[in-house]
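According to Swiss-Prot, the feature substrate binding site maps to 87, 88, 89, 227, 228. The NADPH binding site annotation in Swiss-Prot covers 89, 90, 256, 257 and is backed by sequence analysis. If you look up Swiss-Prot, you'll see 188 marked as active site, thioimide intermediate. According to Swiss-Prot, the active site, proton donor annotation covers 195, on the basis of sequence analysis.
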């Protein structure tokens, strides 16, 4: 269980509350969550050990054109990991719903409105693109590169989070490898609803024991934290216990409410230019 579930900054969230669905544009529906809540718990200061983005895909984006004809698109939002706030996902959904019966003059006006409002909520400039559905005609479902660590014949009896599974997990020769798991599951900090994801860990350093890494990832199964916070916890725990020279942690979560969240954290300064779906997305 997260130590900050009862933080005063979370008290006013619509998440977990009965809410009305507004179909007229209303930017005030967006709700920020300070990233400092979990970063204080991780002993992270202002100088972060990573860069990256939260990559959101907006599958239920619809509005009316100037003549009242409904329009649909798929949107992508890239929210910098350096922003003071993350955006709470239910409030994001409610905000997008408020476009549904609102007339806009152009697609560019939609993109500009999203960019302005999300930047204000996050506290730092975000990148927004919206695309027509036909742009996705030939887009394939992909799998993460590298080796999957899930097919191990091990017995697990505890599903409570424990970073100590990573103790002494990195030994031996220096390697560069990509590992991934589809068994990442945590729970919403407020509602306890399950969050399902796949995670890729790319690193250069002493080789990480795959059994210990898998046990660590499975220990998130009863853990309560937002998607972005889980990924930052994975990054900082691996850096603490395994001390790789280079590390990237990239998780892609299944969608909820027409949104998926794909946090990316790295100390290599690179971010993915694409946003390809995995099988469960």
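Every residue, even glycine, has its Cβ placed from backbone N, Cα and C.
Annotation note: residue 88 (substrate binding site) sits in a coil segment as assigned by DSSP. Across the structure, residue 227 (substrate binding site) and the residue listed as 'active site, thioimide intermediate' are spaced 8 Å apart at their Cα atoms.
Within the set 87, 88, 89, 227, 228 that the record links to substrate, no two Cα atoms are more than 11 Å apart, and one pair reaches that distance. Of all the recorded positions listed (87, 188), 188 has the fewest other CB atoms within 10 A of its CB. Annotation for residue 256 (NADPH binding site): spatial neighbours 89, 193, 195, criterion Cβ-Cβ under 8 Å with sequence separation of six or more. Residue 228 (substrate binding site) is 17 Å away from residue 257 (NADPH binding site) when you measure Cα to Cα. Sequence-distant contacts of residue 228 (substrate binding site), defined as residues of its own chain at least six apart whose C-beta falls under 8 angstroms from its C-beta, comprise 35, 54, 81, 86, 261, 263. In the three-state DSSP scheme, the residue listed as 'active site, proton donor' is classed as strand. Most Cβ neighbours within 10 Å among the binding-site residues 90, 227: this distinction goes to 227.
Note: the Cα of residue 188 (active site, thioimide intermediate) and the Cα of residue 88 (substrate binding site) are spaced 11 Å from each other. Within 10 Å of the Cβ of residue 89 (substrate binding site) there are 24 other Cβ atoms, across all protein chains. Its own atom aside, the Cβ of residue 195 (active site, proton donor) has 23 Cβ atoms within 10 angstroms in the protein chains shown. Report note: the substrate site is defined by 87, 88, 89, 227, 228, and the residues of the same chain whose CB lies within 8 Å of the CB centroid of those residues, excluding them, are 33, 54, 86, 92, 226, 261.
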